[in-house]
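Enquirer: This is the structure I want to talk about, given as structure tokens.
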Amino acid sequence: RKITHPPPRLFLSNSTSALIIQGRTSESFHAGILHEVTVISVVRRCVLAFSLLDFLDCGRGAPVRMECNNPSDFRIEADGVVYAARSLQRSPQHALVLLVKAIDGTTQQQWTTQVRMEPPALSSQQVTGNTDLMEISFPSRRNSQLKRMKRDWVIPPINVPENSRGPFPQELVRIRSDHDKSRALRYSVTGPGADQPPTGIFIIDPISGELSVNKPLDREHISNFHLRAHAVDLNGNQVENPIDIVINVIDMNDNRPEFTHQIWNGTVPEGSKPGTFVMTVTSVDKDDPKTANGMLRYKILSQTPESPTSNMFTINNKTGGIITVAAGLDREKVPQYTLIIQATDMEGNPMYGLSNTATAVIRITDVNDNPPEFTAEMFSGEVRENRVNVIVANLTVTDKDQPNTPAWNAVYKITGGDSTGRFSVPTDPTTNEGLVTVVKPIDYETSRTFVLTVEAKNEVPLARGIHYPHLSTATVSIRVMDENESPYFEPNPKLIKLEEGLMPESALTIFTAQDPDRFMRQKITYSKLSDPANWLRIDPNTGRITTIATLDRESSYVKNNLYNATFMGLDDGKPPANGTGTLQIYLLDINDNAPKVFPQEAEICEKPEPNAINITAVDGDLNPNAGPFAFELAHRPFDVRRNWTITRISGDHAQVGLKIGFLESGIYEIPIIITDSGNLPMSNTSYLRVKVCQCDINGDCTDQQHIMAAGLGTGAIIAILLCIIILLILVLLFVVWMKRRDKERQAKQLLIDPEDDVRDNILKYDEEGGGEEDQDYDLSQLQQPDTLEPDAIKPVGIRRLDERPLHPEPQYPMRSAAPHPGDIGDFINEGLKAADNDPTGSGSTAGSLSSLNSSSSGGDQDYDYLNDWGPRFRKLADMYGGCDD
């Protein structure tokens, strides 16, 4: 029907202390007691959650709680709004009576009133048709609630509850036009939900104008619809301006709260004070949050375990924040709490609200509120002397805190009984035990027992207000056991100073060892472990050390004047023990080494200008038995001082140069006498091997291939020629003899007529200096190894006295048993005599003439006999014969 009055309201007055109901009442109130009832009209069917009445507090300030006597059909919210809890059917026979009670939350004062709900009276205009429908009329009706705005009418929204059970279609409102009295009209609606998606939700009877909903609505899907109603005549002409109709879907409490997580995990330290925040749980409700359907409230349903009290935590009913409300959280007793949290809509109304639950797991975290305690007040152990890095005792502790955390890990400290720092107590990371360990050797002869005081603490300090108990300190008794210790030499190493050159069987010193075992009677025997030069011997019983060889400071076994020898001392304990000692002999230098020239080889040009040679004297001795040195040339051979000069530059250096302006190329050995500065000076003649060569403009030698030939003197050349001739003759004779033997006694035919002078036939030279290159010999016979026997090897060539061969001399085999004709033998003997008389042949490094049993006369000789050799040797006689000049 048409709404003719606002909904009744209940007011609680402070001044009159009476309940006042705004609406149609039959009588007034007296002294806070309602004598009659409030009458309201109820349509044929009332849908669940339709707001029927609205009771308000009249500003008392204290909370007022509303209750009714029929909670199965009606419910009263905290704001005083009364809702129908289910669909109600109109009963025309009798009115529905509802008893409402208001209770002051502070004083507990109560007021009671009755609300009578009757069916509305029927008007004459509603006799025909569906009289339950509200009509939407046009401006001609004065009692309508429509308000004119320009030419359109603003229609109040139509509220339709969601999830209605029907039957469908369910009429909502009737649209009427004043023109329907004079002519037939057709009604229609347009908009989403009608002719636009989602279509078919709302339909209208084109003739009666009844607007109906065709299916249940879901506010969580679409909360409102905007439709437009049209009225046209049968020709389709518009007779009224379209009317906007807003249909609001009234929220129903059809969605339970849903927690965002089913299991919530939180932590709180043990021993936390009341009011400590723990965690926040949240849930969501799809219902309208502006209504009680979406307003959630939280509470804790249960706590497991209920220790020490059943209410250790509380929750903010609006925000879901969980805090502690009681003291006594102890991880060692209760490590974890499990809370069942409930979220209820309808602002937590347990009768009408929908609920859901989740689990909150609160883990109590550990703090260091339990110190470590030793399991015993006294511990004991034993250790053998001189042992290190060994565990002598295990200290066990208990700690109620969480294992393997800084609040549980123990740290041990020795607070007494170890003034020398011989022990330490590390922690076993697995068992948390203290391992008493020896870190420095212990001498049984000095200390036989130790009594340690050990303290145990955690890695982190204890919580405030907690102190370490007496059991956090323990006593450790350690017994030291005696062992056979090794003998030791004192001092080690032992240093003695001696002069080198000490003769064998000389006593040096007594090197003995001591036995640290004062409580054991043992004998020590000695032996030698290391003596690199094998100079020393030790007496096994007394430790006396003597020499068995001459001590030489210049030996390669002496480093920095020190000679080291190692000896061992062995006791007769069980088991035997040994120790080693080192004897260091510092050898003092004596003048026992003659100086030498360095370098021993040098080069110089034929024409020095002013090419000279710098030499250095080296001496194995030390100062003052070494430099400064004195340098001079030897007196022999005579040509040394005639050809060379030596000049001292400094105490260790001198310069050798040519005294003459030219010297032919060759290799010369210059004898140099060097004398050191010792107390008893020592001299030595060193040979400086000098290569005289032809040089280029840069002073570098250019005749490396002709050194041998250019360096030979005249006497050497003659000796070489004689040797070559003799060897060739011997080879030819040997070949001829072999041929004669093969031709059956044809050897009587001599190669050379014996009546002829052999020397005249062979020595036919037109000039001096001929050699192998000047002779036309058939040397193919020398390459027939089948005809030669390597019985004797004869070197060829004769060199000067001061010359050394640069390359190995060629050697020719010859048979020792070859026959020699008589006149050839005479020739050989004469040649040997001539070579023996040659003054240059005695010093030849080749030694070819001496290998033929020639004797070396040596010394100065008279060369005048060369005149007897014929005109070919006269020039040599002129050069070497006569006086010295």
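Note that Cβ sites are derived from N, Cα and C of the backbone, with glycine treated the same way.
Quick paste of what TrEMBL says about this protein:
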COMPBIAS  768-777  compositional bias 'Acidic residues'
COMPBIAS  840-859  compositional bias 'Low complexity'
DOMAIN    152-259  domain 'Cadherin'
DOMAIN    260-374  domain 'Cadherin'
DOMAIN    375-489  domain 'Cadherin'
DOMAIN    490-597  domain 'Cadherin'
DOMAIN    596-702  domain 'Cadherin'
REGION    767-868  region 'Disordered'
TRANSMEM  707-738  transmembrane segment
Enquirer: Per DSSP, what is the helix/strand/coil residue tally across the domain 'Cadherin' (490-597)?
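Expert: Grouping H, G, I as helix and E, B as strand yields 0 helix, 50 strand, 58 coil.
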Enquirer: What is the three-state DSSP composition of the domain 'Cadherin' (152-259), stated as helix, strand and coil residue counts?
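Expert: So the counts come to 4 helix, 49 strand, 55 coil.
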Enquirer: Tell me, what is the mean pLDDT of the domain 'Cadherin' (490-597)?
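Expert: So the average pLDDT across the domain 'Cadherin' (490-597) works out to 87.
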Enquirer: Within the domain 'Cadherin' (260-374), how many residues are helix, strand or coil going by DSSP?
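Expert: Helix (H, G, I), strand (E, B), coil: 6 helix, 50 strand, 59 coil.
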Enquirer: Using DSSP, tally how many residues of the domain 'Cadherin' (375-489) sit in helix, strand and coil.
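Expert: Result for the domain 'Cadherin' (375-489), in helix, strand, coil order: 3 helix, 51 strand, 61 coil.
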